[in-house]
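J.: One structure follows; several queries about it will come next.
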Ligand code: F2R
Ligand code: MG
């Protein structure tokens with residue numbers, strides 16, 4: 001069934017996904033601080049604010065700014081926005097730092113992205129970590145979410161697995177936002193099957209999503225052991241587990257973020273991906289949604305985004 005999605009609704013969905021992404025990123029990154037333990041979160045002992053966000057949020061803000069300004073992703077504009085706004089101390093991956101420096105100094109993005117990792121292109125999880133708000137914006141079309149996710153990914157990630165990670169997350173966020181509009185929570189297996197259907201069946205991310213579906217109902221620790229927790233910082237090692245968490249805990253933002261923290265690995269990024277998808281469904285400041293207190297503890301989003 002097709003329906004009209006008004007620009008204000010798209011923006012609300014994308015902003016809620018960004019709130020969930022940025023809080024997940026900022027809270028997740030607190031668990032790299034020595035002395036911090038996941039049990040603290042489970043016991044309700046939160047780190048002292050402010051929780052500073054990282055590259056995940058900085059790049060996601062550029063994605064949302066482009067959508068708000070133009071209604072779509074234009075790859076040339078997005079590449080320039082990523083490059084110009086990059087604050088390297090935010091914890092960017094090494095490949096991303098190099099690609100963005102090349103773009104900033106005049107190399108066309110297709111050349112810069114293709115040069116990463118000895119010409120293989122990056123399969124890092126960076127294209128997936130920033131894309132959930134784009135998926136939420138396209139709550140009316142998983143096909144459009146997948147197309148635009150590809151456009152947003154390719155400017156930095158030329159490797160097919162890096163792009164597939166972004167497509168998978170965007171399709172999941174699109175389905176989550178659609179489910180919110182419909183008031184009908186999707187069955188976890190159906191959600192993962194729909195994501196897998198959007199991916200190249202020969203790819204590793206596709207294989208991981210199918211394995212995630214087979215692990216539904218198992219403990220989170222077993223899912224992380226089998227699927228990876230992002231410790232390799234690649235899309236293949238990150239996206240399948242995040243989709244397992246999002247599908248399993250789509251109704252409960254705090255529990256979904258706790259599952260990422262307890263799994264360890266690349267926690268800021270697993271929590272950013274999961275937080276973006278889950279908040280597209282739950283919203284903010286409602287039962288099961290992004291807690292207001294967590295949003296307040298997160299460092300404010302960049303001034304250039306809030307001004308726009
Ligand atoms: N940099 C990090 N996390 C490490 C530090 C964690 C923590 N703060 C700590 O103190 O311990 N996080 C940020 O990087 C990830 C996003 O990365 P992106 O944008 O994809 O960058 P890059 O460098 O292109 O890829 C990341 C790594 O993936 C591996 N990789 C990529 N392509 C590869 C290829 N073709 N062959 C082999 N390996 C490849 C490399 O290890 C890259 O370094 C997010 O987690 C973000 O938060
Ligand atoms: Mg980060």
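Placement of Cβ uses the backbone N, Cα and C atoms for every residue, glycine included.
Here the structure is a predicted model, which means the values were calculated and not measured.
The following feature annotations were taken from TrEMBL:
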BINDING   54, 55, 56, 266, 268, 269  Mg(2+) binding site
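Give me the lay of the land around each of these features.
T.: The DSSP secondary structure for residue 55 (Mg(2+) binding site) is helix.
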J.: From the binding-site residues listed here (54, 55, 56, 266, 268), select those whose CB sits under 6 A from an atom of ligand 2.
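T.: The ones that qualify, in sequence order, are 54, 55, 56, 268.
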J.: State the three-class DSSP label for residue 266 (Mg(2+) binding site), counting H, G and I as helix, E and B as strand, and everything else as coil.
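T.: The residue in question, residue 266 (Mg(2+) binding site), is coil (DSSP, three-state).
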J.: Just to verify: the residue among 56, 268 with the fewest other Cβ atoms within 10 Å, which of the binding-site residues is it?
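T.: Comparing Cβ neighbour counts within 10 Å for the binding-site residues 56, 268 gives 268.
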J.: Within 10 angstroms of the C-beta of residue 269 (Mg(2+) binding site), what count of other C-beta atoms is obtained when all protein chains are considered?
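T.: The Cβ of residue 269 (Mg(2+) binding site) has 30 Cβ neighbours within 10 Å.
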